[in-house]
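Colleague: Sharing a structure here in structure tokens format.
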Amino acid sequence: MKFISTSLLLMLLVSSLSPVQGVLEVYYTSLRCRCVQESSVFIPRRFIDRIQILPRGNGCPRKEIIVWKKNKSIVCVDPQAEWIQRMMEVLRKRSSSTLPVPVFKRKIP
């Protein structure tokens, strides 16, 4: 009797785990790669509206870089392209550097 109740409890526990995983997958809107084809052709900075970096995850085994151009076209860029690596390094340095905060000193009477 103890064995049957234990096995039933175990089966109930295992069957309840799959919906939890499904709830967590809601946060991943698409569980596949967004870029079908990647380009390594240089895009001048003046034509770029924004850049989105998608790290590798459950749905896609590779890192993806998506560039939105000002003419509303979207280009998937090869993350190994030298020009995009240099551009990302420049952007990282800009975002990590902080402007000095002005210090106002009060004169104590």
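If you go along the chain as it appears here, the first residue is 1 and each next one adds 1.
Placement of Cβ uses the backbone N, Cα and C atoms for every residue, glycine included.
As the structure is a computational prediction, the values presented were derived from the model and not from experiment.
Per Swiss-Prot, the features are:
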type	residues	note
DISULFID	Cys33-Cys60	disulfide bond
DISULFID	Cys35-Cys76	disulfide bond
SIGNAL	1-22	signal peptide
Colleague: With every protein chain in view, what's the tally of Cβ atoms within 10 Å of the Cβ of Cys35 (disulfide bond), excluding that atom itself?
Modeller: 19
Colleague: Which residues of the same chain, at least 6 positions away in sequence, have a Cβ lying under 8 Å from the Cβ of Cys60 (disulfide bond)?
Modeller: Arg32, Cys33, Arg34, Leu54
Colleague: With Cβ-Cβ distance below 8 Å and at least 6 positions apart along the chain, what are the contacts of Cys76 (disulfide bond)? List them in sequence order.
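Modeller: Long-range Cβ contacts: Arg34, Cys35, Val36, Gln37, Glu38, Ser39, Glu64, Ile65, Ile66, Val67.
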Colleague: CB neighbours of Cys33 (disulfide bond) within 10 A?
Modeller: 16
Colleague: In terms of DSSP three-state secondary structure, what is the assignment for Cys76 (disulfide bond)?
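Modeller: Note: Cys76 (disulfide bond) is in a strand by DSSP.
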